[in-house]
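**Student:** First the structure, which I've put down as structure tokens, then a few questions once you've had a look.
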Amino acid sequence: MRKKPLTIFSDGTLTRRENTLYFESAKGRKPLAIEGIYDIYIYGHVNITSQALHYIAQKGILIHFFNHYGYYDGTFYPRETLLSGDLIIRQAEHYLNKEKRLFLAKSFVTGGTKNMERNLKNWGIKAKLSDYLDELNDARKITEIMNVEARIRQEYYAKWDENLPEEFKIVKRTRRPPKNEMNALISFLNSRLYATIITEIYNTQLAPTISYLHEPSERRFSLSLDLSEIFKPIIADRVANRLVKKGSLKKEHFREDLNGVLLTEEGMKIVTKAYNEELQKSVKHPKIGSNVTRQRLIRLEAYKLIKHLVGVEEYKPLVAWF
């Protein structure tokens with residue numbers, strides 16, 4: 001049985017009866033095949049009994065919580081079973097050493113830039129985002145790298161806008177709250193991708209709170225933010241572009257709230273379905289020689305980072321060939 005993500009939009013309670021997980025809601029009690037659950041995404045008001053939580057933890061399943069507006073709140077992160085003290089020391093060493101940290105931070109931005117450029121090419125838009133890479137390579141501080149990355153992304157959104165339907169223009173990237181429909185869609189997808197990457201990191205020996213481009217924080221899994229630089233263009237942005245170009249999302253799938261614009265529940269369901277389908281799309285990997293899914297590419301990227309940290313092979317970010 002291939003494991004799949006479980007997404008809950010309804011209000012209710014997750015319970016356990018013997019060796020079965022149930023979701024109880026106003027619609028009744030529904031059994032959930034826990035062996036088929038990869039991770040859980042909760043958008044509704046959901047209570048979880050301690051028995052259910054223990055069972056979910058035993059199975060090594062992460063639960064990602066999002067608030068009513070679709071913003072990421074946090075993750076239930078079961079006790080890690082793949083911990084490596086040596087790797088954690090190597091991760092910390094690469095953060096504390098300025099040159100090693102700069103190398104990784106620049107690598108994440110380089111990968112993201114080339115993937116954004118690939119998107120624009122696929123969409124028939126001319127742009128030379130890689131012209132910024134010389135300036136990126138000259139950066140000597142993390143803040144300088146972040147500034148270059150911000151300008152690259154600003155130009156990327158401006159170019160992307162040229163190819164978007166009139167009612168779905170980005171205009172300017174806005175967050176918390178997004179000021180228009182396209183910003184709401186991008187924010188929702190980025191939050192979902194952030195959580196997906198957390199799940200993939202959990203299934204490796206990496207510590208999720210030690211990062212290089214983004215400052216480590218007590219309140220976030222910042223390594224997921226680093227890796228998301230590479231995957232936002234080739235997963236989240238491609239889903240967003242396809243949904244609005246094909247007319248799968250319409251104005252009616254958004255609502256005004258919090259002085260901004262947010263997806264309706266129906267809109268979130270449409271986006272989630274498209275996102276999950278995107279994760280399962282496969283492509284032949286040039287190095288491995290076999291087909292791998294988009295989701296597997298995230299795990300492989302984490303493994304590449306591990307090889308770099310332990311000195312086996314220098315890290316090179318994923319640059320999309322598809």
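Cβ from N, Cα, C; glycine included.
Worth saying up front: this structure is predicted, and the values here are computed from it rather than measured.
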**Student:** Among E135, E144, E149, E301, find me the residue Swiss-Prot lists at the same Mn(2+) site as H214, E229.
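**Tutor:** So, going by the record in Swiss-Prot, that would be E149.
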**Student:** In the same chain, which residues outside the set E149, H214, E229 have their CB within 8 A of the centroid of the CB atoms that define the Mn(2+) site?
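**Tutor:** Other same-chain residues near the Mn(2+) site: A105, F108, V109, G112, I145, M146, L213, L225, D226, S228.
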